[in-house]
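Participant: Annotations for this protein, taken from Swiss-Prot, read as follows:
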DOMAIN    5-69  domain 'J'
ZN_FING   136-218  zinc finger
BINDING   CYS149, CYS152, CYS206, CYS209  Zn(2+) 1 binding site
REPEAT    149-156  repeat 'CXXCXGXG motif'
BINDING   CYS166, CYS169, CYS192, CYS195  Zn(2+) 2 binding site
REPEAT    166-173  repeat 'CXXCXGXG motif'
REPEAT    192-199  repeat 'CXXCXGXG motif'
REPEAT    206-213  repeat 'CXXCXGXG motif'
Amino acid sequence: MAKRDYYEVLGISKDASKDEIKKAYRKLSKKYHPDINKEEGADEKFKEISEAYEVLSDDNKRASYDQFGHDGPQGFGGQGFNGSDFGGFSGFGGGGFEDIFSSFFGGGRQRDPNAPQKGDDLQYTMTLTFEEAVFGTTKEISIRKDVTCETCHGDGAKPGTSKKTCSYCNGAGHVAVEQNTILGRVRTEQVCPKCNGSGQEFEEACPTCHGKGTENKTVKLEVKVPEGVDNEQQIRLAGEGSPGVNGGPAGDLYVVFRVKPSETFKRDGDDIYYKLNVSFPQAALGDEIKIPTLNNEVMLTIPAGTQTGKQFRLKEKGIKNVHGYGYGDLYVDIKVVTPTKLTDRQKELMKEFAQLNGEEINEQPSNFKDRAKRFFKGE
């Protein structure tokens with residue numbers, strides 16, 4: 001099935017501004033969000049809206065889409081950030097097929113080594129308690145990352161000196177190398193090892209960063225954790241990644257959350273579950289029992305005749321949706337607890353109850369000692 005035009009999906013014109021795109025996305029995503037709209041097809045509609053917004057809200061992706069449509073050179077599909085491999089924080093990089101092809105055979109489209117390039121994105125894993133995730137918090141984190149050198153301001157040259165044409169590649173930024181391969185001896189082009197592709201070298205390198213233009217430092221950042229975040233969810237801190245190259249923008253920092261389980265509740269999305277043990281008399285006669293919620297304690301009415309497995313729903317007593325779509329519910333699961341130790345009087349009452357109910361009880365010993373007594377009595 002052919003994909004619909006992204007502008008048509010959001011119901012906007014092709015010259016719509018970023019604010020108009022965002023406004024249309026918010027309106028439609030709220031209408032078709034799976035947590036709100038339970039109609040058939042709402043989930044697919046929401047995915048289509050999210051995919052359209054991801055492309056049209058990004059200047060580069062939008063420009064490529066306007067030129068090539070869905071069959072653009074990169075394709076579009078709402079992949080987003082891949083948070084499957086966590087562990088502290090790390091950079092993201094790697095070239096595509098064209099880079100591999102070009103490095104092996106040479107030729108192909110050459111990148112301008114002096115063009116502005118966005119810095120690498122970084123990732124940090126933050127551990128939260130259940131309460132911190134539910135109510136939100138602000139935490140300070142420390143990460144090691146590359147920052148712009150304060151001495152040379154990212155230039156790489158010693159202040160007061162200038163750059164000159166690289167003597168190794170004569171300013172080309174790349175050098176020809178011959179290699180023995182399975183196809184025979186091939187001539188390839190590689191990035192100049194002296195100037196790293198810039199085509200320039202320093203008269204004298206910066207004494208602080210040794211020509212890199214960056215320093216690796218420990219940086220402290222304040223992270224505001226929104227209410228309702230769940231395990232494996234993430235937030236993006238724009239511009240807090242590695243510094244850009246040649247005046248390009250800095251990358252972003254993605255904070256991925258690890259949420260510890262609660263000792264009281266079990267979480268499922270925005271809903272929470274609480275297990276409540278009730279005694280046999282409470283279940284049979286009914287009662288009012290005080291139970292915990294996220295914010296306080298409330299009285300729960302247990303109707304007479306309540307059985308194990310009965311579930312009560314307390315609307316909007318769950319967790320606030322992180323996207324602002326209301327609150328989840330609190331579900332109370334009932335378990336009727338059978339008494340294990342009874343006094344003689346309690347046993348008499350239970351037998352009397354059984355007789356009144358027309359039941360014959362063949363009482364069984366509860367432990368080895370009782371079984372032994374009955375054995376020697378010949379019972």
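Using N, Cα and C of the backbone, Cβ positions are placed for all residues, glycine too.
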Participant: With DSSP helix as H/G/I and strand as E/B, how many residues of the repeat 'CXXCXGXG motif' (206-213) fall in helix, strand and coil?
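Facilitator: Final tally across the stretch: 0 helix, 0 strand, 8 coil.
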Participant: Give me the long-range Cβ neighbours of CYS152 (Zn(2+) 1 binding site): same chain, 6+ apart, Cβ under 8 Å, in sequence order.
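Facilitator: Sequence-distant Cβ neighbours: LYS158, PRO159, CYS206, THR208, CYS209, GLY213.
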Participant: Compute the C-alpha separation of CYS192 (Zn(2+) 2 binding site) from CYS149 (Zn(2+) 1 binding site), stating it in Å without decimals.
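Facilitator: Counting only the Cα atoms, the answer is 23 Å.
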Participant: So which residues does the repeat 'CXXCXGXG motif' (149-156) touch in its own chain, when a touch means Cβ under 8 Å and the partner is 6 or more beyond its ends?
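Facilitator: Distant Cβ neighbours of the repeat 'CXXCXGXG motif' (149-156) are 202, 205-209, 211-215, 243.
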Participant: Sort CYS169 (Zn(2+) 2 binding site) into helix, strand or coil using the DSSP assignment.
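Facilitator: It is coil.
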Participant: What Cα-Cα separation, expressed in whole Å, is found between CYS149 (Zn(2+) 1 binding site) and CYS195 (Zn(2+) 2 binding site)?
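Facilitator: It is 18 Å, counting Cα to Cα.
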Participant: Find, among the binding-site residues listed as CYS192, CYS195, CYS209, the one whose Cβ has the highest number of other Cβ atoms within 10 Å in the structure shown.
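Facilitator: Counting Cβ neighbours within 10 Å, the top one is CYS195.
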Participant: Find the average pLDDT over the repeat 'CXXCXGXG motif' (149-156) in the predicted model and report it.
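Facilitator: Here the predicted model's pLDDT, averaged over the repeat 'CXXCXGXG motif' (149-156), is 88.
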